[in-house]
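Going by TrEMBL, these are the annotated features:
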| type | residues | note |
| --- | --- | --- |
| TRANSMEM | 12-30 | transmembrane segment |
| TRANSMEM | 51-72 | transmembrane segment |
| TRANSMEM | 78-97 | transmembrane segment |
| TRANSMEM | 109-128 | transmembrane segment |
| TRANSMEM | 148-170 | transmembrane segment |
| TRANSMEM | 177-205 | transmembrane segment |
| TRANSMEM | 217-235 | transmembrane segment |
| TRANSMEM | 247-269 | transmembrane segment |
| TRANSMEM | 275-296 | transmembrane segment |
């Protein structure tokens with residue numbers, strides 16, 4: 001029985017590694033397609049190129065492999081293996097997509113990436129070697145039993161309260177910290193992976209001949225999987241508009257993996273019956289993988305957004321954009337559209353825009369009072 005569980009763990013780990021590797025290749029193919037079109041005079045749209053469609057096909061294939069891996073291996077093993085995609089992206093990016101570099105700058109610029117890749121590989125090896133072997137069949141009865149167990153109900157209560165508090169501070173108190181947003185993503189993601197494993201396991205049993213689709217719990221899990229994935233993507237989109245992608249990748253991976261492993265340990269009892277040595281080595285593998293991912297994303301070059309603004313420094317009575325008071329142009333982050341000046345209706349006339357004097361021409365009569373503009377009278381002092 002133990003040998004069978006180890007074989008299923010290996011199949012699940014290989015499927016997850018294959019899926020994340022293919023997804024990374026697909027994303028870099030699509031990125032390469034965008035870069036090539038932007039640097040050439042090719043008038044075609046990106047979706048009319050074979051490279052982009054090849055990337056889309058590979059992405060679907062990779063996601064299918066990751067989805068199938070949840071049916072074989074424990075949740076605590078599959079979730080941390082997403083570090084494989086970051087390792088592959090770092091290597092592919094350095095070799096194929098990165099800008100030109102000089103040999104003398106190579107070590108200075110990419111040594112952290114190589115060290116991070118090495119640490120992530122070591123952490124992945126420890127994760128696969130010391131992963132928990134407690135993996136049961138995803139039948140409707142087993143999932144229903146886990147769903148109404150008091151440890152999971154208590155965990156869900158804590159997670160809902162924490163999610164509501166974070167959402168309140170994020171929406172009402174404008175707590176836009178990257179940790180707050182990505183912790184919301186991690187809490188939703190933990191429910192996503194729990195439901196993904198249930199749906200994938202029941203589908204796999206149905207394909208093998210034990211039909212599970214007549215259980216209502218299958219459709220409950222399916223709806224929860226789609227809903228949490230959609231809201232998770234929405235929060236990630238908001239985070240990407242405010243923070244750098246490398247910061248989101250590293251912090252998001254650490255938080256999501258930690259919360260997902262906790263959810264798997266509570267819902268599916270992944271670590272039940274495991275000895276302390278295996279648990280400690282598994283935790284050490286997670287920490288090493290976290291450090292490796294942090295070093296990989298730490299060395300990525302941050303993009304400087306284009307922020308068009310009109311300098312008003314030379315105008316008397318107007319504060320410039322570096323003062324702490326009135327801002328001439330808002331921070332546009334990643335937006336390419338022009339902002340607008342703030343509403344200055346309540347500011348004294350000294351800050352009002354200057355008006356050029358317009359002298360009225362005399363045409364022989366003062367009866368022409370219907371002039372569509374205002375005449376400004378200036379004294380000699382002016």
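Backbone N, Cα and C atoms are what each Cβ position is placed from, and that goes for glycine too.
Any TrEMBL annotation is an automated prediction that lacks curation.
Remember, it's a predicted structure, so these values are computed and weren't measured experimentally.
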With pairs restricted to those 6 or more apart in sequence, evaluate whether the transmembrane segment (247-269) and the transmembrane segment (78-97) have 3+ C-beta pairs under 8 Å.
yes
Leading contact stretch, 51-72, 148-170, 177-205 vs the transmembrane segment (12-30) - CB distance under 8 Å:
51-72
At a threshold of under 8 Å on Cβ distances, which of 51-72, 109-128, 148-170, 177-205 pairs most often with the transmembrane segment (78-97)?
109-128
Give residue numbers and ranges for long-range contacts of the transmembrane segment (51-72): same chain, 6 or more residues beyond its ends, CB-CB under 8 A.
8-9, 11-13, 15-16, 18-30, 32-33, 36, 78, 135, 138, 193, 196-197, 200-201, 203-204
